[in-house]
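Summarising the annotation, Swiss-Prot assigns active site, proton acceptor to ASP289. Positions annotated as ATP binding site by Swiss-Prot: LEU132, ALA133, SER134, ALA135, SER136, VAL137, ALA138, GLN139, VAL140, LYS154. Marked as domain 'Protein kinase' by Swiss-Prot: 126-494. Per Swiss-Prot, transmembrane segment is recorded for 24-44, 496-516, 518-538.
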Amino acid sequence: MKLLAVRRLFRIQRVVIRYRLDDLLFEQPLLPWWLASLRLLMPWRWLPRKPTELSRGARLRLALQDLGPIFIKFGQLLSTRRDLLPTDIADELMLLQDRVPPFDPQKAVALIEEQLGAKVGEVFSRFDVEPLASASVAQVHAARLKTGEEVVVKVVRPGLKPVIAQDLAWLFLIAKAAERASADARRLHPVEIVGDYEKTIYDELDLLREAANASQLRRNFEGSELMYVPQVYWDLCRPKVLVMERIYGVPVTDMVTLADQRTDMKLLAERGVEVFFTQVFRDSFFHADMHPGNIFVSTVKPWSPQYIAIDCGIVGSLTAEDQDYLARNLIAFFKRDYRRVAQLHIDSGWVPAHTKVNEFEAAIRTVCEPIFEKPLKDISFGQVLMRLFQTARRFNMEVQPQLVLLQKTLLNIEGLGRQLYPDLDLWSTAKPFLERWMRDRYSPKAVFGNIHGQVEQLPHLANMARDLLERLSQPHLNDPQLPERRRQGDRWALRLLGAGLLGGGAVLAAGAAEAASLAAPAAWPAWLMLAAGLYLIVRQ
């Protein structure tokens, strides 16, 4: 194992020298003098090297490609962090392709038989030895079940964990060295990024997780005209083997075939946006790897086109609070209400509470005002989010993994939509959805549902307050004034109830007031909470 690690180190070093990645480090202006002086000790610095016309982004991309699949996937993850990376590097890393030669089909068969506990011929009436596709983590074979259904069988590459562990160790080492060496590198949080990648890559090795994600997504879009997700055959799924329905469709990037079958491209592009917002705001569960290779279009109804999604290894979800703040941020942004955007970032906890709202507002205005020089249809939602995150990053915004996945997915959907239909107006397509979502969120039914949930918690709050006051009075159990102390405790508990109702009513009223501009119903349930809270406080 140690010998393999040393060999890997020499390979990494050779690639670094070949693509002059050492120049990227030593060009840093704030590099400590002792580290900068190490450049003189590197023997290859004194050897003649051919000048390169490649950009720094291209050199980094080619180096990652040379280092193999684990580094390629890491580069793909990096490309989604546009809130951290310079644009030229992020654009180059987007070009990385996760394509590797297939492994021995007999090893795939052996692994399937080991996982299923049965011979391939006992499970499938046909199994194609030649793989349909091959990537760094797994490869896919076509097959037919004994019952006649056409399926695909996804198999994890054998012996992958030791390779991943070794490459991750080197990535962590490089990240830690970069953090110590450069202030700019520290701002990018490389160790944190490698940590995120470690979780992602190990999650992708568990195909049961992917199967569960696919089942959830299929259930969410059951009977929908927007998107179809293939069926998972759970009886044949194991940690290293996934069996699911084989789909037949047109790759979403095959414009010629889509045009030949007279697909409604405008509707297809708009439905892509609707799929995104449905996943994010209705389901709070979204496919986070919607690049063109994972998206197909059904051939059944070209006049009412339906997407087909595969490969659900990476998904994201948002809390109700994240959904709410995201919707309000988008609405406030398109109203050019930058103070509201700044305040929402602070209220949500995305930036520290001590952030000066005026300074944050000014920074957002400086970055975002130029965007509105374009027509609304030319404004990129993904770019808006990216610029907001970049600005917030300067004010110590904490990394929100779910928002990073969201931004990546939105950029994919948006790019795809405009490729299908260049005149796609994302805001006009999204606005009705956001209006409907805000209206439903603050409808009387939804508000009463929230009140019901809060009311269920009120007895617990009262009991907790009373118990606390009784514990505080324990040293005085023989005190003749104990009954009066208990009555005081009850009054304090009711005051706390009143304060809770008052606060909850204020929050609901504020939300409903904001939704009112989007044609939401009146917020009278919130006023009931405010009145009840005020009554309890005054009465006690």
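The backbone N, Cα and C atoms fix where each Cβ goes, and this holds for glycine too.
Shown on the structure are the features that Swiss-Prot records.
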| residue | record | Cβ within 10 Å |
| --- | --- | --- |
| LEU132 | ATP binding site | 14 |
| SER134 | ATP binding site | 16 |
| SER136 | ATP binding site | 21 |
| ALA138 | ATP binding site | 25 |
| VAL140 | ATP binding site | 22 |
| ASP289 | active site, proton acceptor | 21 |
In the domain 'Protein kinase' (126-494), averaged pLDDT is 82
Near ATP: residues not in LEU132, ALA133, SER134, ALA135, SER136, VAL137, ALA138, GLN139, VAL140, LYS154 with Cβ within 8 Å of the site Cβ centroid are PRO102, PRO131, VAL155
Taking every pair from LEU132, ALA133, SER134, ALA135, SER136, VAL137, ALA138, GLN139, VAL140, LYS154 (the record's ATP binders), the biggest C-alpha distance in Å rounds to 14
Cα of SER134 (ATP binding site) to Cα of the residue listed as 'active site, proton acceptor', in Å and rounded, measures 17
SER136 (ATP binding site) to ASP289 (active site, proton acceptor), Cα to Cα, whole Å, comes out at 15
For VAL140 (ATP binding site), the three-state DSSP class is strand
